[in-house]
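K.L.:
Mind having a look at this structure? Questions to follow.
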């Protein structure tokens, strides 16, 4: 074999070809690296990289090994390339300076001046002065106490100027919401001599006089066994206008009249209209039935305030011209004992509102003089009531003494089989019976869902955790099973509340009246029940989100629709605990944060607690407002740890 042939074979070997290619690639890399390193500097990275000298040394080692086989080509002359021109000077347009604080030196683009006024009105009219400064970003002056005349102030129900402008009050318009344009800018003071409320269940029977210092009810209703004063306390014997011998005996009579009512099982959520001091609801609670007691403000002086001080679920509400703030098919039983409402006026529109809220198959219990007295005018009222209830397909199932009980049908079959032209008519198919925020009552019969939603809920306590069928009718963005969403929410809040009970010793708080400002499906309230805290929760569904209120009632809980840009319809000093989960991050573009927290303070009892779970970015502002109000406030990590984007602001209101 010739030597030249051997050399040719070596040149053709794949090994040599790879080595030459690698050497060429290495030289190209060095050239490019040197070229770009002259023009750019690299930002800091979260991980280390090797220096260029080390890379060069490694590449030179590879080149030397290749040179032993084939000679390297002569070095190429380095090209002289001028660096790229510097970028143009950037004009600072941000509102954050180099220290990360707000700056007053920035530029903005063109804008429409009118849009600024619209934005101000959209975020709420606040009379509380809030300041921005480069040093702290947000400041608020310490808030002062209101005048003593506002001790029992409910902003949207005590707007005397607006009420005086009403052209007509025949239907009770003066008792409806009329919110002032100017928001509250001070703190509601407690009455002189205010004490920490007596704890439940003792509060069912007695409360401190100084906490609700009003004697008119004693003067008006003392003879009916409602209430009496004993030294420094009000005492509640448990009677009422139609049940002088006590609410317990009255409830026994109802149970005997309607065995299927089964309080605490089939009948879990009830509504008591014109509740007096709420003895009916107070005694139903020991039968495992939660009763929402409602009455207008000051028909009898502060009756709802007495109910709340006793620890009974209650809310100021009136049957006038607008729908009440509860969804369709909310209550298994609706009760009216001498509630002084003319159910047959205006073609029965008020009873049609009761029908909207009454669950299919539910009971309407009416204890009134027309049921049992024989005066001509009362007998005429009874005949009108019988005629109206017959036309809306209610069945009179029992009349005994002064009590009459009707039952609502389970479906629409009776409605559609009525004679043509029978009034009231069925509501239009496109009517939403759960649309209640500032919506007028309608003179029509609310249709029942053809699929039976709302009628076939489980019995208590299983219904608390059984996803109701009406869950499928909620208008919401859901890409996975809605039942799984509800169950996941319940698991989440059970874990969270369990940690609150363990770490912050909630059982020592002796909570009774609780407000959840953004309730979702009611998971927070369900967790309180599961963990054995003897309290009731007012579950609020904000108008800005999905209307989950029907699901809350189907679970055996209670709540209402509300817009937190406006005050809530309750008395000052209502709640022991106010809970707000991600409320401010959702509402900050619509509402004034300071106004919301002032409203929270109005509703919070002295000695009460506020738990705000929200975005870390809002905590500084929320904490400053809390301190301006006078709360003791501290920010805490969640169970996700210190690096999570969520924090808990815990506040206490001093007595």
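In case you wondered, yes, glycine gets a Cβ from its N, Cα and C as well.
Quantities reported herein were computed from a predicted structural model and do not represent experimental measurements.
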K.L.:
In Swiss-Prot, which of the ranges 16-36, 37-57 has the transmembrane segment annotation?
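P.N.:
Per Swiss-Prot, the stretch marked transmembrane segment is 16-36.
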K.L.:
Rank aside, I only need the closest one: which of the glycosylation sites 167, 342, 411, 456, 592 has its C-alpha nearest to that of residue 288 (N-linked glycosylation site)?
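P.N.:
Looking at Cα distances from residue 288 (N-linked glycosylation site), the smallest one goes to 456.
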K.L.:
Any idea what the Cα distance is from residue 592 (N-linked glycosylation site) over to residue 411 (N-linked glycosylation site), rounded to a whole Å?
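P.N.:
Just about 44 Å between their Cα atoms.
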K.L.:
Cβ-Cβ under 8 Å from residue 342 (N-linked glycosylation site), same chain, 6 or more residues apart: which ones?
P.N.:
350
K.L.:
Do me a favour and check the Cα-Cα span between residue 411 (N-linked glycosylation site) and residue 456 (N-linked glycosylation site); whole Å is fine.
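P.N.:
Just about 11 Å between their Cα atoms.
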K.L.:
Can you check how the pLDDT averages out over the topological domain 'Cytoplasmic' (1-15)?
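P.N.:
Summarising the topological domain 'Cytoplasmic' (1-15) by its mean pLDDT gives 46.
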K.L.:
In whole Å, note down how far the CA of residue 456 (N-linked glycosylation site) lies from the CA of residue 167 (N-linked glycosylation site).
P.N.:
44
K.L.:
Far apart in sequence but close in space: which same-chain residues, 6 or more away, have a Cβ under 8 Å from residue 456 (N-linked glycosylation site)?
P.N.:
469
K.L.:
Which residue among the glycosylation sites 167, 288, 411, 592 has the fewest other Cβ atoms within 10 Å of its Cβ, if you could check?
P.N.:
167
